[in-house]
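Chemist: According to Swiss-Prot, the protein has these features:
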- 1-267: region 'Amidoligase domain' (REGION)
- 15, 148, 149, 150, 188, 189, 190, 191, 192, 193, 224: CTP binding site (BINDING)
- 15, 188, 189, 190, 191, 192, 193, 224: UTP binding site (BINDING)
- 16, 17, 18, 19, 20, 21, 73: ATP binding site (BINDING)
- 73, 141: Mg(2+) binding site (BINDING)
- 292-543: domain 'Glutamine amidotransferase type-1' (DOMAIN)
- 354, 382, 383, 384, 385, 405, 473: L-glutamine binding site (BINDING)
- 381: active site, nucleophile (ACT_SITE)
- 516: active site (ACT_SITE)
- 518: active site (ACT_SITE)
């Protein structure tokens, strides 16, 4: 069997430098060179997965087709690679320890003392190898920063794995910060030197340095970094702040990043075809048109909470040659504001998902304003559920209508908790209000059957069904379906009896979906729901 080659990506100095974007950019170039490339994110935190972490703590939880709740970097990987990944492409310290402890309880270690080396490190290596099966090359991003105590087992694993597979089958790329000191008017390399020194103490010598900086590095500075860090001069790559993250692969390509990679890994001459990508990036950076939409959410102070959705909107804008300006609206603050004043200058209203009661009434106000004023509207996940609540209260006149998530004693629960459902593996899952939160939602891709001649059908180019990803615990209550449809709110999408999409039949564009269309949107293949909504907003603006 052909040996998979590995590129290990580590980060130094501080976090949030963009290791995920750098890794995804390199993977994109390799894939477009004809290689079967994939990416793995290894997170050193002890949570089993990010599913129960606060959006303010971790940002978005990205969901894969097979229902894994993963790091938001997996979203970047999918959007850059234009491929669907799985639970094998992300794991945490918590997941590793959970697996090792379960094996110990089953007696698989035959009574041995369980230790970080070899057992924890061995589990990490096994998971890396599994993710690389059937691939020409696997890029492994190690979360956190070199020097973090929780990252040591991961660094030991990649050190050992490189020795195991041989020098032409693995390389290390270290991404570090080269800060610009305004008072001195110069870039400083000392943090990079210290970071590489820390990495070497662990037993890893980088083959390539990627330098994050707000200003370009001149040749002398690159040579200084190469000499002090012990890498070839053509292996110092700059990653300067860009107008769009989708520029990064093109910026890397201009610096011939693939030449040293091909040399180190003994690969054929790599010449990626990036023409279509380049064309789309130009439309992202300098589009011909502009439209403004309101983005109504409860986590608007941390935009990373909606990373896939904001990226999907960028994809739609590129496809339509339009800059989409987002007007961020805090749903909690909206409760005490005048809707007409807030939405007077927008051509569309998007109500995003979320959990918990805070800000719910503000979202309902936004939905009511979009419905009554015939402004293009898209509701996602909780946004669909609240569209049902708003319609029930203001059209069906069920003033106490609510979701049982927010009022368990509600007499008209138009949204409720179902006790049983089939997961993506076809297995029955049972949940109650007291079920543990971790991993108990309806997660992953499910088939949605589409009503003929509906807005949803038009958006999906008359497809009879689609598969989209979910992450929710509560469902639309079918008890109210007849009354909803009698008054014009049509169910246009279903999944084995569960309501997946609703729309208004006397409105230019009023669509609400239970699934998350943003999770399957890519720069080169925008999700039809997002694109349809932005197109409707453009038409509203023009008219």
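Just so you know, glycine gets a Cβ as well, placed from its N, Cα and C.
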Chemist: Other Cβ atoms within 10 Å is the metric here; tell me which of the binding-site residues 149, 384 scores highest.
Modeler: 384
Chemist: Out of 73, 384, 516, the recorded positions in the record, which is closest to residue 190 (CTP binding site) when you go by Cα distance?
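Modeler: Result: the closest of the recorded positions to residue 190 (CTP binding site) is 73.
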Chemist: Given the L-glutamine site residues 354, 382, 383, 384, 385, 405, 473, which other residues of that chain have a Cβ within 8 Å of the mean position of their Cβ atoms, reported in sequence order?
Modeler: 353, 355, 381, 386, 403, 415, 472, 474
Chemist: For residue 21 (ATP binding site), which of the recorded positions 188, 382, 518 has the nearest Cα in space?
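Modeler: Comparing Cα positions, the candidate nearest residue 21 (ATP binding site) turns out to be 518.
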Chemist: Looking only at Cβ atoms, how many others are within 10 Å of the one on residue 191 (UTP binding site)?
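Modeler: For residue 191 (UTP binding site), the 10 Å Cβ neighbour count is 15.
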Chemist: Suppose you look only at the domain 'Glutamine amidotransferase type-1' (292-543); what would the mean pLDDT be?
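Modeler: Mean per-residue confidence for the domain 'Glutamine amidotransferase type-1' (292-543): 92 out of 100.
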Chemist: Can you tell which of the binding-site residues (18, 20, 354) has the fewest other C-beta atoms within 10 angstroms of its C-beta?
Modeler: 18
Chemist: Give me the Cα-Cα distance between residue 19 (ATP binding site) and residue 473 (L-glutamine binding site), rounded to a whole Å.
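Modeler: Given the Cα positions, residue 19 (ATP binding site) is 32 Å from residue 473 (L-glutamine binding site).
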Chemist: With the ATP site defined by the record as 16, 17, 18, 19, 20, 21, 73, how many Å span the farthest pair of C-alpha atoms?
Modeler: 12
